[in-house]
Amino acid sequence: MSKKTIVVKLGTSVLTGGKTRLDRAHMIELVRQCQHLHQQGHRVVLVSSGAIAAGRELIKLGHSKLSISEKQMLAAVGQCRLIRVWDNLFALYELKVGQLLLTRADLEDRERYLNARDALQAVLEHGIVPIINENDAVATNEIKVGDNDNLSARVAMLADADHLLLLTDQRGLFTADPRKHPDAQLIKEVKIIDDTLRRLAGDSVSGLGTGGMYTKLQAADIARRAGINVTIAAGRAEAVIERVINGEEVGTRFPGLVNPLEHRKLWILAGPPAQGKITIDEGASRAILERGSSLLPKGIKDVSGDFHRGAVLNIYNPEQQLIARGLSRYKAEDLRVLQGHHSDQIESLLGYQYGDVAIHRDDLVVTQLANDGDIFK
Ligand SMILES: Nc1ncnc2c1ncn2[C@@H]1O[C@H](COP(=O)(O)OP(=O)(O)O)[C@@H](O)[C@H]1O
Ligand SMILES: N[C@@H](CCC(=O)OP(=O)(O)O)C(=O)O
């Protein structure tokens, strides 16, 4: 059997079993599975939530609505406790762990990205199990990835993983939130992540997790476009990690694209948050979605935000559905002047020009049609 790299994301829901303490008995079972895979030569990377939950175990604040600084304090205290528990449990199986705490900046800046990648590879090459979390104690909202589902998709890319396994308190993605709709059905395989599917995925209602199924779908979308197989499954299902890596049909599966997006496009999709938003007309939407065309100024109906040339923009159709992301060839001020005009007027309207298109097809990633990636080739 070929040796694989698997990134396992463990939600707070899995680590606490829905309670307010880390569930060590279950954590040891997860460690046993990791050790088993490790013994077979596979590489396991853990993205572990639970710092704030572990902090709450130690510091009793007497109220549940936490301020930002209280969360930072709980994360600072809790991350120590969390990693100590993991360290002790892996030590029982004679495995070493290495802690990596990341923020968005570590993944967006090329130099920091390469640094993080080298560190992760070095840890793996020494047979150590990396345990990753967001650096919640110092990361403010502006510099955070914000949830560990999205973080784990970036980690899977960083680790050049074969598989991303998102473990949670449900058996997978259902047709509706099973907490509110007990008759909802499990979706076994997803090949297209579109708006209809996104509408099925709700937020977290337990008060423990962050983002619910919505952020898991975002993570699945990014990772599968990078060619990584993704599974959402129950963290408490028997031998779940081993079964997934053995190719068993567990939870909801999202097969990785056979023709993954190139790095540049993945960066546009998963890199910095959008700095502006443009709304385009029906004709331009069709040209982008159906023919993989560039976006011309003529098709732009509205520009919002204040951004520079080269900024990442979210592109919406007339129904205000997000259909694509792309890098703008012009700053916001210029696009406002150019919107609705033919490209041969650019020079006369601005007094200079950077080419005919507002966003070139090479700088454009469609978010609505995540089925085959053909138009990106
Ligand atoms: N369509 C859906 N299918 C399954 N779960 C859903 C769905 N929509 C919303 N959820 C909610 O997502 C929750 C899991 O996400 P979350 O609470 O963030 O957990 P974790 O800590 O594992 O990230 C579930 O407990 C469930 O209530
Ligand atoms: N970084 C945070 C967890 C953030 C998060 O995404 O939580 P979850 O939805 O439970 O995976 C922590 O360690 O508490």
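Backbone N, Cα and C atoms are what each Cβ position is placed from, and that goes for glycine too.
Bear in mind that TrEMBL entries carry predicted annotations, made automatically and left uncurated.
The secondary structure of GLY211 (ATP binding site), as reduced to three states from DSSP, is coil rather than helix or strand. When Cβ atoms from all protein chains are considered, those within 10 Å of GLY211 (ATP binding site) total 19, not counting its own. Residues or ranges marked as ATP binding site by TrEMBL: LYS9, THR168, ASP169, THR210, GLY211, GLY212, MET213, TYR214, THR215, LYS216.
Taken from TrEMBL, the feature substrate binding site covers SER49, ASP136, ASN148. Spatially close to ASP136 (substrate binding site) yet at least six residues away along the chain are ALA51, ILE52, LYS71, GLN72, ALA75, GLN79, LYS144, judged by Cβ distances under 8 angstroms. In three-state terms derived from DSSP, ASP136 (substrate binding site) belongs to neither a helical nor a strand segment and is classed as coil.
Mean pLDDT for the domain 'PUA' (276-359) in this predicted model: 96. Annotated domain 'PUA' per TrEMBL: 276-359, in sequence order.
Sorting the domain 'PUA' (276-359) by DSSP state (H, G, I as helix; E, B as strand; all else coil) yields 28 helix, 23 strand, 33 coil.
Checking the binding-site residues LYS9, ASP136, ASP169, MET213, THR215 against ligand 2, the ones with a C-beta less than 6 Å from an atom of that molecule are ASP136. Here the Cα atom of ASP169 (ATP binding site) is found 13 Å from that of SER49 (substrate binding site). Checked against ligand 1, the binding-site residues ASP136, ASP169, GLY211, MET213, THR215 give ASP169, GLY211, MET213 as the ones with a Cβ under 6 Å from it, listed in sequence order.
In sequence order, LYS9, LEU10, GLY11, THR12, LEU15, ASN133, ASN148, GLY209, THR210 are the residues near SER49 (substrate binding site), counting only same-chain partners six or more apart with C-beta under 8 A.
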